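Just below is one structure, and these are the notes that go with it.
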């Protein structure tokens with residue numbers, strides 16, 4: 001243990017401690033040290049660069065005086081023990097410059113403990129201020145988390161403050177940012193009425209009336225699709241016109257009561273035709289590729305539910321009519337063509353653009369999240385290299401800095417987007433299904449534009465917000481389900497990079513409505529806005545940094561020449 005008074009100045013003397021097996025020869029040590037002593041199996045030496053050198057008093061364990069008596073005679077006290085050895089050697093260090101009238105600070109062995117980590121010796125060093133008002137500073141690797149010395153207390157306070165602030169920011173982010181995605185999936189069925197679907201009666205008979213009535217009975221509520229009856233005359237080229245309307249996003253689904261459906265059933269009843277297929281009476285045209293999540297959770301379930309009800313209702317009506325018709329032999333029908341009685345009307349679902357590429361989930365939805373992550377990583381890498389590591393941010397001229405911040409992302413994302421696109425190609429995403437070999441190039445260019453739109457937006461905001469306060473972009477909230485079934489606030493999604501990226505992928509893989517020009521236009525708009533804002537923010541920050549540099553130089557000048565100041 002060391003207890004030092006104010007008059008003791010450690011930098012003026014040096015104490016060397018040698019293990020027995022590492023001690024230097026006495027002759028060599030005496031040439032460099034003013035005092036040499038032995039304690040147990042340890043050798044101690046004291047050297048000083050002053051004419052008046054301190055002396056060392058060494059006490060064996062048996063002759064060790066009380067600390068109170070030693071502190072009255074020595075300016076420093078040290079206890080040293082060897083690892084695995086219970087014996088303790090104590091010695092006192094006397095400073096000739098120290099006057100006998102100086103008081104020595106009291107030693108508090110319970111509250112002040114520290115170890116000197118010097119192999120193979122294990123010891124403890126502890127110092128207190130003369131008035132005992134403040135705990136000493138502990139050496140490295142020796143403090144406890146709740147130690148009361150000034151250094152540990154300061155570090156502990158800073159650590160707890162940082163952890164608390166980051167935790168608070170995360171909590172605020174959970175409710176302020178992540179809640180956007182949760183809100184996009186909350187009560188989605190309650191907005192099903194925003195999806196408009198068509199009913200087209202090409203039949204004009206009993207089957208058509210039954211189907212129309214069934215859908216009209218299942219519309220008008222918030223959780224129900226909106227069904228609108230459309231005049232069949234608007235589709236002279238049936239069924240091509242109906243299919244084009246569904247594929248080109250004019251409607252989310254179209255129920256077609258096919259021409260002659262009722263007449264075909266009547267002929268089958270009169271002729272006992274066992275080849276009659278009731279499933280040809282009604283066709284539901286859908287487009288799963290437009291939004292597979294919306295199709296699976298809203299559109300498809302409601303269509304088959306309503307059609308199933310219509311089938312049951314019509315089967316009952318048809319059997320009653322046949323039984324009441326004296327011209328029809330029911331027994332003959334049951335034996336020769338039972339289908340005209342048991343299944344007079346059914347339906348077929350024609351999925352014009354099926355979501356039949358499993359890897360498309362990674363390409364058009366989950367992959368978009370990785371695009372954002374990659375853009376963020378590149379942005380942070382560029383920031384660290386430019387600002388933190390090299391200091392180019394304050395070394396380059398303004399025009400050179402702007403060129404660096406714009407050109408580097410274009411080059412980096414060009415190659416990164418290529419390999420990102422090749423990853424999807426390696427897992428056999430059918431980019432050539434509708435656009436031939438151009439499909440992959442289109443997808444690659446959309447990856448490049450998407451990374452640029454996201455990355456440059458981050459690059460722009462990092463100028464004024466710094467990395468620690470960049471919010472997560474809430475693009476994914478508008479890419480999973482149809483925007484039509486989201487609250488009105490989510491209509492911003494039509495202008496987001498994610499939504500247009502996803503639409504491009506669906507067009508390439510599934511042949512949905514071609515809006516590639518609009519999709520790329522949105523990405524280019526984001527790129528242009530980001531470049532403009534980044535330029536503006538960089539100019540503003542450069543002026544701020546230049547003013548700060550001028551003030552710093554003035555302060556240095558004033559400190560160097562206080563008379564002029």
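Every residue gets a Cβ built from N, Cα and C, even glycine.
TrEMBL assigns the feature transmembrane segment to one of the listed ranges (361-383, 430-452), namely 361-383. Residues 359, 362-363, 367, 370-371, 374-375, 378-379, 382, 386, 392, 396, 440, 443-444, 447-448, 450-452, 455-456, 459, 531, 534, 538 of the same chain sit 6 or more residues outside the transmembrane segment (404-428) yet have a Cβ under 8 Å from a Cβ within it. As a whole-number mean, the pLDDT of the domain 'DUF3533' (167-531) in this prediction is 89.
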